[in-house]
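Written below as structure tokens is the structure these notes are about.
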Amino acid sequence: MTMAPTLTETGGRAGNDEQRGGSFSSSVTVLLVDDDEAFVELVADYLEREHGFTTYTVTRADRALEFLERGEETVDCLVSDYRMPGTDGLELLETVTDGYPELPFVMFAGQGSEEVASRAIQRGADDYLQKDTGRTRYDLLATRIRSCVTITRQQRQLRNLYDAIEDAGHAMVVTDRQGTITYANPSMATLSGYEVEELVGETPAILSSGVHDEEFYRDLWETVSNGEVWQGEVVNERKDGSRYVIDQTIAPITAGGRTTVAGDGEADGDGGDPRQQVEGYVAINRDVTERKERERELRQFRNAVERAGHAVLMTDAEGRIEYVNEAFERITGYDREDAVGRTPAILRSGEHDEPFYRELWETILEGEVWQGEVINERKDGTQYVVDQTIAPITDADGEAVEGYVAINRDVTERKERERELRQYRKAVRHAGHGVLITDTAGTIEYVNEAFEEMTGYSSAEAIGRTPAILKSGEHNEPFYRELWETILEGEVWQGEVVNERKDGTQYVVDQTIAPITATGQGGGGDGTPSPADIEGFVAINRDVTRLKEYERELEEQNERLKEYGHTVAHDLRNPLTLLEAELETLRTVAETAECDDGRVDPAAVRDRCSNVDEVVDRMRTLIDDLLTMAEQGQLVLDPDPASLETVAAEAHRQIGSVVDLRVEDTTVDADPDRLRELLSNLLRNAVEHVGDDVAVRVGPLDFEEGFFLEDDGPGIPESDRDRAFDRGFTTAEDGTGFGLAIVERIANAHGWDVAVTEGADGGARFEFRAEDGSETDR
């Protein structure tokens, strides 16, 4: 049949296999390839009509490959001509063999020779048939096709069967009539410990454990030798000498290649003595070692719990209580008469939801053991916690579940202790202070997270070592000797210790060390434990490094304030001296500078008063600057993120200048008010030395944390930069010399380093960088 060219030259015909029946159990789909369109249609019609095949036809080899690649239809066999334009039949054969190795290929050649047939078979063709017309030739072609497909399908089934046996979860062994092993699957090798090669050629006696007597094996062999199936449990021995238990079924293999199935009683055949038909045996072994071990353990368990102090109850298969022991009565408050005939639901506390009990029942109904903790309720309404194990009770054969046994161990007190211990551990683990626990020899057994963060040592690094890993060298041996003498006497030691972190840096802790006793109480009358009671020590370490630094900085600040006091006294005396001189001059002028008419010259007096005003103004400015220095020198303990652009704009407004200010914004961790004062002083400094037309640029430092301020003025000579921040240093005629000193004080209060250098336009550039442990811009 010919399809429209746009749909490719393929055709399909539904066969009449269902109406015909026949010996072939399923339909056969054939792809016919021949450049003679009339001929290929003729053959296709015949195969469909007379043999019930489904056929598809193409007239070129490349169309055949396209058809196979699409995979829209399953093809059971490909039949191809030899001579065709483009790709001939042999070339098509090579391509099909490579791409579809399981697809049968029949060469149905109109032209060719024995050489062509030989080459076709060598290259993988399943059959070769000379093309001819007539029913006989077409029937022969159908026979060849059916034969190829049948062989392919049987091979596939055999492979699947082999794979199934190889991958089977049960161990399988095949022997000949004499019992010599001819095959063993990988599961058998895994179960026995022998390699497959070691088993083949041996008899199953290689697995004998010595547990069964001769009569046991004699009965087994008599059964299978009579063509019957033997089934039972066998204890075998692995290669390594360990034993395992199998549920074994042995069936004979008859001359017809069939095996007896359980329940048949004897081998299938055509009659006669079944023993004469047996050619070998197949044994299927299901490993039940674990199940048998569980059954054994359960029997021992039953015997043990009868004498145990745990609560025991037994129920029937529906869960009705049939037995409880005395411990059950004591723990639950229900006596035997109250409990028997009811279900364990009488103990429900309401603490567990339905899925909890559903999962419990699903487990035991499948014959498995359930174990878990259950919160139950006593008869008086109080709750208690049990560690419960529920196991099925099976019949004598170990198959049918006849009931259940539940063993309940009261763990109420233990759970309460565990809860308290969890709370304690959680509190210690998340405590803000470093905690370490040692044994009596000082070996560290536990450290918390705060200890790890404080010291730099992880828990794994610290445990097993002693606190000596933290020694800084700041304390002498008498210091530690006194410490140990105190705690070994059962007393608490408290003091400050300078320790050393893993990275070599030092830190200071306020440390309290207390002994740990078995009872948690002292053995002496005063509550102090005796040395014999001590089981270890616990040390609580409060990091006071920053506090000590603050104290040191406060002392330094106080020293600086003293120094400022001397400076104030000195700097105020100078203007006062000038003021005294001006006043003395004023008195002299008042006495001598008289006019012709005998009166004091007002102009001369005004000049002197003006000088006095200037001195007073200078003193006022000096006092303001000194107060500013004292205030700005206080440490900044809690900085906030501040916009450099915003604060600079406020400083610009504060000085009331028309400075050309340009700011590249960044965020600075600072006290915004004091940062504004710092920038104001720098802006005033720029105006004083350059004028109102000065250009000032502010922004973050490149490649490091910090910020800068620079102007386009004459700058500060390199020779003066080291003393630019000294109090009283100034190059302005009317300057007090405190502006840059205040800048340095504010910077130090923030933990910043300040340096002066040359700006991009040659002016003064001030750079602020964070000291170690502090931050400026982010």
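Cβ atoms are placed via backbone N, Cα and C, with glycine included.
Given the structure is predicted, the values throughout are model-derived calculations rather than measurements.
As annotated in TrEMBL, coiled coil covers the listed stretch 540-596 rather than the other ranges in 369-425, 483-539, 540-596. In the structure as shown, the Cβ atom of Asp81 (4-aspartylphosphate) sits within 10 Å of 24 other Cβ atoms. Within the domain 'PAC' (368-423), the DSSP-based counts of helix, strand and coil residues read 12 helix, 30 strand, 14 coil. If you average pLDDT over the domain 'Histidine kinase' (567-774) in this model, you get 79.
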